[in-house]
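Here the structure comes first, spelled out in structure tokens, and everything after it is commentary.
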Amino acid sequence: LRVVKFRRTGESSRSDEDGISGEHEIQIEGVRTELEPVELEDGAAVPKEFANPTDDTFMVEDAVEAIGFGKFQWKLSVITGLAWASNDAMEMMILSILAPQLHCEWRLPSWQVALLTSVVFVGMMSSSTLWGNISDQYGRKTGLKISVLWTLYYGILSGFAPVYSWILVLRGLVGFGIGGVPQSVTLYAEFLPMKARAKCILLIEVFWAIGTVFEVLLAVLVMPTLGWRWLLILSALPLLLFAVLCFWLPESARYDVLSGNQEKAIATLKRIATENGAPMPLGKLIISRQEDRGKMRDLFTPHFRWTTLLLWFIWFSNAFSYYGLVLLTTEFFQAGDVCSISSRREEVKAKCSLTCEYLTEEDYTDLLWTTLSEFPGVLVTLWIIDRIGRKKTMALSFLVFSFCSLLLFLCIGRNVLTVLLFIARAFISGGFQAAYVYTPEVYPTATRALGLGTCSGMARVGALITPFIAQVMLESSVYLTLVVYSGCCLLAALASCFLPIETKGRGLQESSHKEWGQEMVGRGSHSPGVTRSNSGSQE
């Protein structure tokens, strides 16, 4: 017979024991409930009638840990990954391909080219908090479905934009929809057992890398023949597949518990247990209804204030540096090397301020190689994040990116340039992935979507500013541009070290710190003679 054990911290295990029949054991930080009398630390025994498992209680965290990782999570991984690949990665990668094309075709000055990129991030920045609030108030699945359909609609319309002003507005509306994509991570994380959470969220980022690579390959095939309009339309179509698969997605059981929908939460947990072929824990599911969800003030309580402010800067720096590097890659490849950029800019100004260059086949090839750096970035982060922790992983990623940025000061050839850009992009994408692991873990369920949404919003502020550094400031001084990116990442590395909470080995919190203690004390009252606290002590 399978014996299921789970702890309040979230660790779970299953084992087969010979000679035991019909017995279930539930452990919550040392508090044990069995069919037989239970020995306490002082030698006293709890009567059998109080040890009946059907009188015990469990939380969603306990059920998720007991059921474990299985077929349900594999399906959810593919669907969540599709959201990342189609809704975020492909739409973001378009920016570095579309900008030089429209610069030449519509004879746009550099500030209008930068604005075309920035307007997407304006939309994302303005909507990220809104999508987080919707997900906390009305459900993770609801917010995700609306944002995907929104992006699909305006993504296709972008391909029919007749003039610059139209594509500026439509791409801004696309960005508004993309702002809801991070909520797929919130939904995904809330179905994952603790031991698998970091690895799974990081592996989901592989789909981001797949999306960027697919977009470059699509551009290679489409741009020379059909042009940028068909590229925009075809890039939006994978969202249609995700919109259909959304009907399979369940709502988060953690959200259902907080919204007081016990029956729906139990039905979801039973569905997961059935698909995984695992038993449900015995007892009654605790409902901790919380009407006041998704409020901005909850991010600035004394327990979370410092964490929130530091995370905002970390997310800002991640996006500022990552998207800056994506845009710089195109500029560097067109120039040949860093030292050629200044001379090339002077020649361009001497001829005409609107002189441009289309991306060549060699540019697309090098863009593909640097895009492939997303994969080793995932592998490196996957290897270190559970060894050195989330905070140190983010700090290391920022430091390596900063060091590679400084090496670009040297007059290096195209091959060495490609290698440095490859390493820098691998580590800054790894830092982004570590932030996506850390942020849902550090906030409780009542504010998890909002916390991730506001962090994503701050990331979009960084992405909004970065085109004016990577494309406009670059015209004045390539070295000043590199100093800005390097310095920003050094400060972000320090911010990562100063984060007050390390979430490695910690279960997802259901409610705020104060409420959590009250909840666990109340939980103990179900079994007379045994008092249960957050630390799992017995009295």
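Including glycine, each Cβ sits where the backbone N, Cα and C put it.
All annotation found in TrEMBL is predicted automatically rather than curated by experts.
The annotation compositional bias 'Polar residues' is assigned in TrEMBL to 528-539.
Model confidence over the domain 'Major facilitator superfamily (MFS) profile' (77-504) stands at 81, taken as the mean pLDDT rounded to a whole number. The feature domain 'Major facilitator superfamily (MFS) profile' is assigned by TrEMBL to 77-504.
Residues or ranges marked as region 'Disordered' in TrEMBL: 510-539.
Residues or ranges marked as transmembrane segment by TrEMBL: 76-99 (among others).
Tertiary neighbourhood of the transmembrane segment (111-134): same-chain residues 91-92, 95, 98-100, 102-103, 142-143, 146-147, 164, 167-169, 171-180, 182-183, 294, 296, 323, 327, 449-454, 456-461, 463-465, 467-468, 471-472, selected by CB-CB distance under 8 Å and a gap of 6+ residues from either end. For 111-134 (among others), the entry in TrEMBL reads transmembrane segment.
Within its own chain, the transmembrane segment (146-167) has Cβ neighbours under 8 Å at 83, 87, 91, 102, 106, 108, 112, 116, 127, 131, 134, 173-174, 176-181, 183, 229-233, 235-237, 239-240, 242-243, 246, counting only residues six or more beyond its boundaries. The transmembrane segment feature in TrEMBL is assigned to 146-167 (among others).
Annotated transmembrane segment per TrEMBL: 201-222 (among others), in sequence order. Distant neighbours of the transmembrane segment (201-222): 77, 80-82, 84-86, 88-90, 92-94, 97, 185, 188-189, 192, 230-231, 234-235, 361, 364, 367-368, 371-372, 374-375, 377-378, 381-382, 385, 429, 432-433, 436-437, 440; these residues of the same chain sit at least 6 beyond its ends, with a Cβ under 8 Å from one of its Cβ atoms.
Under 8 Å from some Cβ of the transmembrane segment (228-249) lie the Cβ atoms of residues 75-76, 79, 82-83, 85-87, 90-91, 94, 97-98, 101-102, 105, 141, 144-145, 148-149, 151-152, 155-156, 158-160, 187, 215, 218-219, 222, all in the same chain and six or more residues away from its ends. Taken from TrEMBL, the feature transmembrane segment applies to 228-249 (among others).
The list of residues near the transmembrane segment (303-323) in space but at least 6 beyond its ends in sequence, with Cβ under 8 angstroms from a Cβ of it, reads 92, 95, 121, 394, 398, 401, 425, 428-429, 431-432, 435, 438-439, 442-443, 451, 454-456, 458-463, 465-467, 469-470, 485, 488-489, 491-492, 495-496, 498-501, 512-514. Per TrEMBL, the feature transmembrane segment maps to 303-323 (among others).
Taken from TrEMBL, the feature transmembrane segment applies to 393-410 (among others).
Taken from TrEMBL, the feature transmembrane segment applies to 416-438 (among others).
For 450-470 (among others), the entry in TrEMBL reads transmembrane segment. Beyond its flanks by at least six residues, the transmembrane segment (450-470) meets 111, 113-115, 117-118, 121-122, 124-133, 135-136, 175, 179, 182-183, 185-186, 294-296, 298-299, 304, 308, 311-313, 315-321, 323-325, 327-328, 331, 435, 439-440, 442-443, 481, 484-485 of its own chain at Cβ-Cβ distances under 8 Å.
Within the chain, the transmembrane segment (482-501) has long-range Cβ neighbours (under 8 A, six or more residues past its boundaries) at 306-307, 310-311, 313-314, 317-318, 320-321, 324-325, 338, 391-392, 394-396, 398-399, 401-402, 405-406, 408-409, 428, 431, 438, 442, 469, 473. Per TrEMBL, the feature transmembrane segment maps to 482-501 (among others).
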